[in-house]
Amino acid sequence: MDSVGEEESDPIRLKSVKNNKTFTVPRNYRFGSCRSVREFEKLNRIGEGTYGIVYRARDTKSDEIVALKKVRMDKEKDGIPISSLREITLLLRLRHPNIVELKEVVVGSQLESLFLVMCYCEQDLASLLENMQTPFSEAQGPEGVQSVDDRQRLCEDRYRAPELLLGTKTQTTALDMWAVGCILAELLAHKPLLPGTSEIQQVDLIVQLLGTPNENIWPGFSQLPLIGQYSLRKQPYNNLKNKFTWLSDAGHRLLNLLFMYNPQRRATAKDCLESSYFKEKPLPCEPELMPTFPHHRNKRAAPLAESHSKRSKV
């Protein structure tokens, strides 16, 4: 197992905005009020998202197992990426049983070394779907919809809405509600609904499922910045009902509301919670009655973690 440590770095030098003079940051001030990432022991790598790599790690002060996410800074010349700042700000504000907790932000010895210390989750949706013998039931699927409300913008990461793929400059909670629809559909179908490997394929899969958008159903669609980069197939049909033949009428209405092309007409979290789908049988499962599963993710990573005996750089 490795320590999440970094080599000693050269002194940090900054330029004052008051007198334009350069000064050296004292070593005891270089971390500010943040803890050092050296206080965490890396156990294994558990994933990689759009904005960074995630490790399972041990807090050497409290002995707690946490998820340590290194913020990706590959091409940043002007400080922390705005996407990371948005995520950090929101997660520090949010406290909800269904939202992963951001405990603190820790730093490395370099200015670009930034890590998020998050509550460690034993499972992720991808590994569950890969290893489950049977899919989630209809009663177990809806539990996560309560996690988003109209004041919050969360990370849509894999489940990108069509307006985002087409270059919209306006980001609202409608992006998250599209992601909620994708996750609910994935839980019901036991496989990804729109498994595109590129932005072009992702847009094409959306059109195959929902039909070709137009100005009538999505005002402003033709003016989106990246619309000229796509040649959309002519597909006039909504195929959600064919995709989920076993779902009730209320379930189909909910999915259709979540997959509205027009973000302004897309369902909000409040709309979803008031949906008749959640009031018909089978009723949503109580959290304590949800099934539990082995830690497949750690079993795959354990041999890799044990093979290292030296300290390594994250």
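Heads up, the Cβ atoms here are built off N, Cα and C, so glycines get one too.
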Item to check | region 'Disordered' range according to TrEMBL, out of 27-50, 291-314 | outcome: 291-314
Next on the checklist: Please compute the mean pLDDT of the model over the domain 'Protein kinase' (40-314).
Outcome noted: 80
Checklist entry - When you measure from the Cβ of Lys69 (ATP binding site), how many other Cβ atoms are you left with inside 10 Å? => result 25
